[in-house]
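K.L.:
Okay, here's the structure, questions in a sec.
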Amino acid sequence: MSTNQIILTDQGDNYVNVWSHVAQDLYNHYGETLYNSWFSKVNFIESSLNTVILCAPTNFVRDWIKSKYSMVILQLFQHYNNTIKSIEIITKELPGITQTVIALPTKTFADIGSSELNAENIFSTLDVRFTFDNFVVGAPNELAYAAARAVAESSGAVSESNPLFLYGGVGLGKTHLMHAIGWYIKQNNPSRKVIYMSAEKFMYQFVKALRNKEVISFKEKFRSVDVLMIDDIQFICGKDSTQEEFFHTFNTLIDNNRQMVISCDRSPSDLDNIEDRIKSRLGWGLVADVHSTTYELRLGILESKIEQMNVKIPKDVIDFLASKIVSNVRELEGALNKVIAHSNFTLKEITLENTQNILRDLLRSNERIITVEDIQKKVASRYNIKLSDMSSSRRLREVARPRQIAMYLSKALTPKSLADIGKKFGKKDHTTVMHAIKKVEELLENDIELREEINLLMKILQN
């Protein structure tokens, strides 16, 4: 963790030192990605009447910290100094920090000379089903939703989250949010130039431009927009030429205060076969994780969809779908559509028994199959370590112990052999896995807290 810039005031060094401890505790508790997104640019300003005043870099960061972390921060301050009664988080320009905004020369679509860049064609790539109005918000996606709204509502200026990096599994709503940003801008600020595109299509158009000697037109197309949204950026991993072009496009847009929104199936730090300089830039702004859906969120999604379709579905059927279709939102909505279509075509009433029969094959595929990769991701997240640490040889206790726990769970919850498990952990041999399992078993005999922790991890993975 890099050391924060500390601003000394006439209140003395005491509160400054306390803030440095609090910042370290936040880093240790929440991990590098979340710390860098929210706390790394927060500074101690002063203290007044037992109130600590902190400064956040933007209104968005200030409001999010206030709503989510203010009580935790206060408790940490009080742990080190019990005279502190409250905290206040403000935003203001700090002395010595200046912002330079370089405006791009304004171009119209006609200036660019590409039929692909007229507004009608750009917005024709957006799915009419994906708007903010029909996006169901819950705990797993509330940060991503709030950040996407902030980008869309930035009224022509760059948002406070630039770039916005959305990551998570398939079918959890990343693409929905990107389309929603596009539609919001179309309806409220149609003069802004927006491109939404998959990383695969970006690569295809770049290769085509190289072949047709139209690279200059390609560069103008992507570097003159107000908002560039690239979906599934992991596709350019290992594609050196495309990475190089993306790197320069990224720099041009960010340097000229243009907005970028990027989606991926993993966090920037977990991307393989991509240049470090690109990894670094992807994490410059706000990194928002879209988690797997909870039962409550799935229930909300189904109820919203049913209301939109103006159909009647028995409550026990809705509960059944929310409980059994747990993989992703796309499959959940597909299951609902299948049940409704079957009823419309056969004129049969929608009942729980009929639903179970209609979705028999889908339900079988949704039975929970736990993989070593699932275990590694969940344990890494639980202990705030990088996923790459699972296959590393680092021996620090804070890395080695979670890795041993993941090996133990892999043996307990999957049919994999010790040798197969070892391959998943950086090609370690079976004796290393055996030693890890034995070590955890020994600890479990006397460590009640660890026993409860592993039981909790098992329940999370199995459900």
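Easy rule for this one: first residue shown is 1, then count along the chain.
Even glycines carry a Cβ here, placed using N, Cα and C.
Quick paste from Swiss-Prot:
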BINDING   GLY171, GLY173, LYS174, THR175  ATP binding site
REGION    1-83  region 'Domain I, interacts with DnaA modulators'
REGION    83-124  region 'Domain II'
REGION    125-343  region 'Domain III, AAA+ region'
K.L.:
If you count the C-beta atoms lying within 10 Å of each candidate's C-beta, which of the binding-site residues GLY171, GLY173 ends up with the smallest number?
P.N.:
GLY171
K.L.:
Give the sequence-ordered list of residues that share a chain with THR175 (ATP binding site), lie 6 or more positions from it, and have CB atoms under 8 Å from its CB.
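P.N.:
Correct list: PHE130, ASP231, SER263.
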K.L.:
Applying the rule Cβ within 8 Å of the centroid of the Cβ atoms of GLY171, GLY173, LYS174, THR175, what extra residues of the same chain belong around the ATP site?
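P.N.:
Near the ATP site, beyond GLY171, GLY173, LYS174, THR175, sit GLY168, VAL170, LEU172, HIS176, LEU177, SER263, VAL290, ASN328, VAL329, ARG330.
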K.L.:
Just to confirm my parser: what is the rounded mean pLDDT across the region 'Domain III, AAA+ region' (125-343)?
P.N.:
87
K.L.:
Other than its own, how many Cβ atoms are within 10 Å of the Cβ belonging to LYS174 (ATP binding site)?
P.N.:
25
K.L.:
Summarise the region 'Domain I, interacts with DnaA modulators' (1-83) by DSSP state, stating how many residues are helix, strand and coil.
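P.N.:
Counts, helix then strand then coil: 45 helix, 11 strand, 27 coil.
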